[in-house]
Amino acid sequence: MKTVKILDSHTGGEPTRLVLEGFPDLGTGDIESRRKILSEQYDHFRRATMLEPRGNDVLVGALLCKPVNPKASAGVIFFNNTGYLGMCGHGTIGLVASLAHLGKIQVGTHLIETPVGDVEATLHEDHSVSVRNVPAYRYKKAVEVNVEKYGKVTGDIAWGGNWFFLINDHGQRVASDNLDQLTEYAWTVRQALTAQGITGKDGQEIDHIELFASDTEADSKNFVLCPGKAYDRSPCGTGTSAKIACLAADGKLEPGKLWKQASIIGSQFIASYEQAGEYVIPTIRGEAYMSAEATLFMDENDPFAWGIQL
């Protein structure tokens with residue numbers, strides 16, 4: 001019998017499952033090397049915690065790791081039902097709020113090691129969390145892709161910790177009662193990008209699609225389709241970072257000015273950025289709430305101990 005201890009939270013409605021104990025020893029290398037070991041040798045632990053019957057396609061997992069830098073508060077490896085993420089904004093907010101709930105950190109700024117670089121996260125007195133993300137940038141502007149049933153679609157390719165294709169002019173109604181259509185549209189766009197060889201820098205896969213619309217309560221509302229075909233309930237921290245990079249590149253948002261990004265369900269992040277040469281350093285602020293603490297059991301006699309794989 002294998003057991004895994006977890007602490008679940010949600011950030012703006014998007015769940016994070018923090019793995020506290022039970023995963024194999026991944027060594028003492030940097031976080032990226034440990035992610036590689038996990039994916040190549042122990043991926044069944046990811047599947048057990050993310051896939052049904054213990055997980056679902058909305059969950060993002062966060063494996064708590066001992067950091068390399070003694071000044072860091074934590075290291076983290078993010079993953080979901082389909083694989084691994086470089087960075088996760090809502091997940092980092094969930095991580096910090098969870099560590100505070102456990103009494104492991106106090107109010108203040110904390111260094112967090114991720115597979116794509118270090119980020120700073122500040123736990124505020126009101127329990128909200130600000131994440132100073134990895135450098136973000138727009139890779140290409142106004143990229144055209146021919147999409148089956150929809151014709152020519154134009155969007156920007158940007159990095160915010162993951163690769164995004166950001167679409168402003170899409171002709172879709174961005175509303176919570178239109179999720180099936182939004183999912184179908186965004187998934188078709190993603191398939192077209194792959195089929196036509198449109199990628200991020202160095203051929204990296206664009207695995208997030210982000211649609212934007214106006215909003216009465218925020219500067220913008222988005223719909224974000226994640227790699228596993230589930231939509232993001234939060235405004236998406238890395239997606240908001242990619243959006244900020246595009247706004248900065250177009251001269252539509254000045255450094256330090258606040259941008260309020262709403263999600264498809266109405267939750268919000270507050271974002272701003274600092275200019276750093278050709279990059280921007282986004283800061284995303286949001287709140288996370290604890291939802292469950294549990295121990296997962298993987299019984300060797302259970303045919304679905306390591307998840308249902310369809």
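Yeah, the Cβs are placed from backbone N, Cα and C, and that goes for glycine too.
Since the structure is predicted, the reported quantities are computational estimates derived from the model, not experimental observations.
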Can you match one of H101, H110, H208 to the substrate site that Swiss-Prot gives for G89, H90, D232, G237, T238?
-> H208
Including all protein chains displayed, how many Cβ atoms other than that of C236 (active site, proton donor) lie within 10 Å of its Cβ?
-> 33
Determine, for the substrate site, the additional residues of the same chain whose CB lies within 8 Å of the mean position of the CB atoms of G89, H90, H208, D232, G237, T238; present them in sequence order.
-> E14, C88, G91, G160, G161, N162, V224, S234, P235, C236, G239, T240, S241
Please compare the binding-site residues G89, G237 by how many other CB atoms fall within 10 Å of each one's CB, and tell me which has the fewest.
-> G89
Just jot down the residues in the same chain as C88 (active site, proton acceptor), at least 6 apart in sequence, with C-beta under 8 A of its C-beta; none if empty.
-> T16, V60, A62, F78, G161, N162, G237, T238
Would you find the one among the binding-site residues H90, H208 whose Cβ has the most company, meaning other Cβ atoms within 10 Å?
-> H90
Let me know the DSSP-derived helix, strand or coil state of C236 (active site, proton donor), please.
-> coil
